[in-house]
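Taking it in order: structure first as structure tokens, then the write-up.
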Amino acid sequence: MQVHDYTWIFAVSMIAAFGDAFGIGANDVANSFATSVSSGSLSLAQACVIACFTEFLGAVLLGAGTSETIKGGIISVALFVDIPETFMLAMTCAIIGSACWVIFATHMEWPVSSTHSIVGAIIGVGIAGFGGNAVDWSWGGVSKIIASWFISPIIAGCVSAVIYLSVKYTVLRREDSFKWGLRSVPVYFFITTVIEAFYIIYKGAPGTDAAKMSTGTIVGISFAVGTFFAFFAWFFVCNWLKRRIKGHEDLKWYHVFISPFLSKHPELHAPTTTGAVPPQIGEDGNPISEVATTASDSKGAVTEKELAFVQEIPEPKNDFKSKMVSIKDRAIGLALHGVRKDVRNLDNEHLKKVHAAAELYEDDAEYMFSFLQVLTACMASFAHGSNDVSNAVGPVAAVFGVWQTAAVDVGGKVPVPVWILVYGGVAIDLGLATMGYKIMRTMGNNITYFSPSRGFSAELATALTVLTCSKLGLPVSTTHCITGATAAIGLCNGNLSAVNWKMLSWCFASWVITLPCAGLVAGLLFSFAAYAPALVK
């Protein structure tokens, strides 16, 4: 192979990588914000806007400078040293297999692990190219992934239960829970920011100076960050919450940063009809609409005298301007289709029994946890963008490296250019904005009822589990962790019916079939391409 040979393979891999990153945004990223949207702390549109910034900045600013050539070391790179063009083909087929499975799973509203998808695709390619013995089936390879199906949700579930029960009994069930919640806000700000700062520094910046820091240094920096935010919460956030919730002052979100220095604001009032156009009254004293309705119901027709009060609606003009306005409205509706969906499932008849089994608490106390939940979701999304974007751009960066050098790096690492990180970040954002609602609808309230305190506990437990287990070398998946945390919080209601076990079973089934499905697509595609009759000899 010569440098810049097989450009078409590189081009196909770029297209496939965009699709894979699109699927990651629609599935993995949606998991990060599902609880925030389900609890009402964020609207779907707000979650998409925030995630677009946090995921993109995480991918570009803290994205891996290098990535594993073959994710997880499932098969050896040395197998491709003498056939670099076959390596390009294998990685392209793996990306296509992973993208097809993740996008299909998203369409079916199944939460799956993008990491396991690309690993499964590489297993399929390895078996198709070199047989089953080429795959590492030991604990260091496939066995660890299978173990993660159980380890991830169990550990995250235990951690989330501990966090939520501590919130439940120290704040939510106390008399005057708002007072106790206000006292606990700085504490939870400290805990949250310490964990997330450690997560971002330790896992989110490989290849930078942060990766060379000792664990003690990272802990010290994390505690300093946590202390700063705890003082910020005490002097600013608590003051804002007290004035807005108990004082009913008309304060906006941006007043948080200057709340101690603001003079007293007017109180919030319920919406009034001031300035509204008064309804027209008929001869019998009823509004016109009621007159027309009454007449229609009693006689089946409306009299001419009553119709005189009703203004006729002019026929729409069939001119060029009207057509352009219609096209514009349709285009806007199509573009915003993914952020105008109802994903909270609060009115779902099939989930009423599940939601009714959940214990409800004082609204004022729950409202305070919305701040913490948004903070947790943002930081987790930022860290997710910095780490998991490699699932999509790692293989395509490997293809790009071979295309440029006509050689396979036996070291198993490949540099990831910034433009590829940007490319992957854009695709992730697009996937979330267009199809992310499908997974958000599946997670959260579709498994159990979520309030801000429950969502905060699940997100914090997921981040803590992923961080700790990664440090200890235990296999975990973000998708599996958030699912386990969700189920555990549902069980904390003390009622088995508070969890939608049917939906939970579907989630687990989707994890199990991820490896074989992604591997089958990638393996068949590689076999079709690699073993097809050659037209040119």
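Glycine is treated like the rest: Cβ placed from N, Cα and C.
Taken from TrEMBL as is:
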{"type": "TRANSMEM", "residues": "6-30", "note": "transmembrane segment"}
{"type": "TRANSMEM", "residues": "86-106", "note": "transmembrane segment"}
{"type": "TRANSMEM", "residues": "118-139", "note": "transmembrane segment"}
{"type": "TRANSMEM", "residues": "145-165", "note": "transmembrane segment"}
{"type": "TRANSMEM", "residues": "185-202", "note": "transmembrane segment"}
{"type": "TRANSMEM", "residues": "214-237", "note": "transmembrane segment"}
{"type": "TRANSMEM", "residues": "506-532", "note": "transmembrane segment"}
What else in the chain is close to the transmembrane segment (145-165), if you only count residues 6 or more beyond its ends and a Cβ gap under 8 Å?
72, 116, 119, 139, 453-454, 457-458, 460-462, 464-465, 469, 474-477, 480-489, 491-492, 508, 511-512, 515
Top partner of the transmembrane segment (506-532) among 86-106, 118-139, 214-237 - counted as Cβ pairs under 8 Å
118-139
Counting only residues at least 6 beyond its ends, the same-chain positions whose CB falls under 8 A of a CB in the transmembrane segment (214-237) are 185-187, 189-195, 197-198, 201-202, 256-257, 259-260, 371
